[in-house]
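Colleague: Have a look at this one before I ask anything.
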Amino acid sequence: MAVDVLKRIPVREQEPQVRAKNFEEVCLGYNQEEAMDEATRCLQCKNAKCIQGCPVSIDIPSFIGKVKEGDIAEAYQIISKYSALPAVCGRVCPQESQCESKCIRGIKGEPVSIGKLERFVADWARENGIKPNAPEATNGIKVAVIGSGPAGLTCAGDLAKAGYEVTIFEALHEAGGVLSYGIPEFRLPKQTVVASEIENVKSLGVKIETNVVIGKSTTIDELLQEEGFSAVFVGSGAGLPKFMNIPGENANGVFSANEYLTRNNLMKAFDESYATPIKGGNKVAVVGGGNVAMDAARTALRLGAEVHIIYRRGESELPARVEEVHHAKEEGIIFDLLTNPKEIIVNEDGWVSGIKVVDMELGEPDASGRRSPVEKAGSEHIIDVDTVIMSLGTSPNPLISSTTDGLEVNKWQCIMADEANGATSKEGVFAGGDAVTGAATVILAMGAGKAAAKGIEEFLKK
Amino acid sequence: MFKIVKKQYLANNIYLMDVLAPRVAKSCFPGQFVIVKMDEKGERIPLTICDYDRQAGTVTIVFQSVGASTKIMAEYEEGESFRDFVGPLGCRSELIDEEPEELKAKKILFVAGGVGTAPVYPQVKWMKENGYDVDVIIGARNKDLIILVEEMKQWAENVYVCTDDGSLGFKGNVNDQIKDLVNNQGKSYDLVVAIGPLIMMKFVSILTKELGIKTIVSMNPVMVDGTGMCGACRLTVGGKVKFACVDGPEFDGHLVDFDESMKRQQMYKTEEGREVLKLQEGDTHHHGGCGCGGN
Ligand SMILES: Cc1cc2nc3c(=O)[nH]c(=O)nc-3n(C[C@H](O)[C@H](O)[C@H](O)COP(=O)(O)OP(=O)(O)OC[C@H]3O[C@@H](n4cnc5c(N)ncnc54)[C@H](O)[C@@H]3O)c2cc1C
Ligand SMILES: Cc1cc2nc3c(=O)[nH]c(=O)nc-3n(C[C@H](O)[C@H](O)[C@H](O)COP(=O)(O)OP(=O)(O)OC[C@H]3O[C@@H](n4cnc5c(N)ncnc54)[C@H](O)[C@@H]3O)c2cc1C
Ligand code: SF4
Ligand code: SF4
Ligand code: FES
């Protein structure tokens, strides 16, 4: 097939009308032929700008070069040097603002589909049974990792490869962090992708102990002093949901996006054979405009509801990934932009019956350069809904910082850690990921896990 | 996996189990709870820690089979295991952190309603073991619903049993019993700890407010994770939103918005569950109801 160098090889997706009714993955990914064709579009730049756009600096031209030759196994080995979770990142990285935003091809035409190629390579490796190599022997030094999200898994994997005996402690009954409880099945399949990436980390010798809440079941000080761990990495994420504090917010039928998504993803409420219930709703308002809001909206749609996204700024300000907004629109999500909730209307049984909103218009740009919305006088009206999902962002859980002497946090409860090596104010304790930065991205959390693994090695060699 | 090392039937579909969970047993205190997930497909069920043996590494739970999940739980036998058992969650009872002299000076009354007797038990036991004498009221609709009286007597100074129909002990609900103690038997208390159905805790709190006695209640809203991550367990205390799983489950009964909590607790009730709730709390969600242990 002749490849138009300015255009991407299109990726196959489920039809919008079909996928709006199921929880199967939306994007079907490239096959080998498509991947090899797309790989020919890469110019193999000497001074590859795309690498600068990737937070973990994957050697993108080298792995794409191998895809072009059809040597997928070698492409996988190259990616593996930099990333522990390529099948995840290939799917959920905001590529358009990272690696792909810097690609030379993007100047005249469409950038190379780096993310889709990465995903293809990782899926191919999994389907062909390729696993990372476990170390021959361990050095007997024990390191504890708190939280099994991308930060914890990456840090644990790197330390295990270097010979350390690593145990991950996870509060929930399943490993994976947001990858398991937050991001929905139709974007990130749990069994095929997430579970097998976790298996890879385990095959390096990492132990995962679920059902352990650090700060409650045991503490960091006990891990260091009584359980024989020489260092601790905290990758506990930013799981605490925010609410708006408007009237009616405690009514039946108002959920945080975390609750709605956890019931559906981690507890599999969409599957009748699982015991956890969910009130899907008939007409749902999702408040917010980020990735989490898109995920909640598209989940509610699949559970059978008419769904409105209520966001106080305009379309170009939506913080969600472009691809997610595009998919949501295709599926029939209604966007009520420049609209802000004032109150949730509650019926006499205590259930939501509507949401009172006000129209907004964009004013002058604020300090961050974003034009801040202001209310239009007299524009209040009520949208009839029976369910409201609050998706306003999250902050770190204070459970760990409040039970660990000498671990400093900033005013947002984020743990203070050195970006270069993850070191915190407490000797032997390192941290990274959303617990340090506040809600961010998978790849940044992985980068922080990697940096901390190096930091821990240096600390333990002293 | 977490092995059930003992199972005992108490009464009226109420079961007691000792579960092997060394990490929980090592660090738990009265007032805290666990979340049990029975198997791969089960839901996460919050249950109060009713006793613990740090040496043996066991934690005691007492539950009433009310709906789909707790019915299945009742079918688990000694020797079988739960897939997940996480804890201790929530804050320990405030009493544990109080200054011994101050605690010594206080006269405390525990008020237990129905299955709520189970969570009262470890608190009373802890008090006795640390040298404090307390009184306990155990109340229910009738004698079949009264549990753990003998166990409680081992640790409490006085145990008062009351039933709505008078089939055991004092005839009347727990509020009638409190009034009898205070007004007729010359008792006075500085603190009441009330644990039981929401409706009971609500009316006890109204009474103790009149009587001017500080009151602590233990809230049991719907929960998912139990670590502060979902907000399902939110309730209003003194006009502020709190998450019961991390800020509680114990709160000042005079500040809790019980009516809101009662509505929220209905959210996921199955028909079966509603029936049992109705039995326990009476037809309270329509016209107020009386007091405690059900109508
Ligand atoms: C719905 C949703 C959609 C998202 N979509 C995207 C996307 O498309 N692309 C993208 O790049 N990013 C996305 N993100 C953000 C991304 O998932 C996070 O930035 C990333 O997962 C952070 O990783 P982490 O390892 O720091 O923390 P987490 O993934 O949050 O993992 C932390 C883990 O620590 C555990 N834990 C917490 N406290 C304790 C404790 N005391 N003891 C033991 N364990 C504890 C938690 O249970 C959890 O499993 C999304 C987030 C959400 C919620
Ligand atoms: C902190 C805490 C401590 C608890 N301690 C005990 C205890 O020691 N002994 C005991 O018997 N019960 C206790 N409960 C209540 C127990 O969790 C519920 O009885 C149980 O979840 C009901 O499940 P079901 O499927 O059998 O009932 P159903 O009525 O069929 O429940 C359906 C749904 O409603 C929710 N639900 C119903 N009732 C409650 C409730 N009271 N609390 C929370 N969620 C509920 C559940 O999420 C479930 O998904 C406690 C609850 C909390 C929050
Ligand atoms: S990890 Fe993310 S940013 Fe880096 S190359 Fe892959 S898709 Fe791009
Ligand atoms: S910038 Fe684009 S074309 Fe150049 S090496 Fe990177 S992916 Fe290839
Ligand atoms: S149960 Fe989820 S925050 Fe309390």
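Positions of Cβ are set from backbone N, Cα and C atoms, glycine also.
Unlike curated entries, TrEMBL annotations are predicted automatically.
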Colleague: May I ask you to find which of B:CYS162, B:CYS245 TrEMBL records for the [2Fe-2S] cluster site already listed with B:CYS230, B:CYS233?
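Modeller: That [2Fe-2S] cluster site, as TrEMBL gives it, pairs B:CYS230, B:CYS233 with B:CYS245.
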Colleague: Taking just the CA atoms, what is the gap between B:PHE63 (FAD binding site) and B:CYS245 ([2Fe-2S] cluster binding site) in Å?
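Modeller: Distance (Cα to Cα, whole Å): 18 Å.
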Colleague: B:PHE63 (FAD binding site) has how many other Cβ neighbours within 10 Å of its own Cβ?
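Modeller: There are 22 of them.
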Colleague: Should B:CYS230 ([2Fe-2S] cluster binding site) be counted as helix, strand, or coil on the basis of DSSP?
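Modeller: Assignment for B:CYS230 ([2Fe-2S] cluster binding site) reads coil.
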Colleague: Mean pLDDT, the domain 'Oxidoreductase FAD/NAD(P)-binding' (B:110-204)?
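Modeller: The average pLDDT of the model in the domain 'Oxidoreductase FAD/NAD(P)-binding' (B:110-204) works out to 89.
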Colleague: Taking CB atoms only, which of the binding-site residues B:VAL62, B:PHE63, B:CYS230, B:CYS233 fall under 8 A from chain A?
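Modeller: Cβ contacts with A, in sequence order: B:CYS230.
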Colleague: Between B:GLN64 (FAD binding site) and B:CYS233 ([2Fe-2S] cluster binding site), what is the CA-CA distance rounded to a whole number of Å?
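Modeller: Counting only the Cα atoms, the answer is 20 Å.
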Colleague: Using the CB centroid of B:CYS230, B:CYS233, B:CYS245 as the [2Fe-2S] cluster site centre, which other residues of the same chain sit with their CB within 8 A?
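Modeller: The answer, listed by sequence position, is B:PRO221, B:MET223, B:VAL224, B:ASP225, B:GLY226, B:THR227, B:GLY228, B:MET229, B:GLY231, B:ALA232, B:ARG234, B:PHE243, B:ALA244, B:VAL246.
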Colleague: Which binding-site residues among B:PHE63, B:CYS233, B:CYS245 have CB under 6 Å of ligand 5?
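Modeller: What lies within reach of ligand 5, judged by Cβ under 6 Å, is B:CYS233, B:CYS245.
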Colleague: What whole-number Å value do you get for the CA-CA distance of B:CYS230 ([2Fe-2S] cluster binding site) and B:VAL62 (FAD binding site)?
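Modeller: On Cα coordinates alone, these residues lie 25 Å apart.
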Colleague: Among B:VAL62, B:PHE63, B:GLN64, B:CYS230, B:CYS233, B:CYS245, please name the binding-site residues whose Cβ is nearer than 6 Å to ligand 3.
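Modeller: Near ligand 3: none of them.
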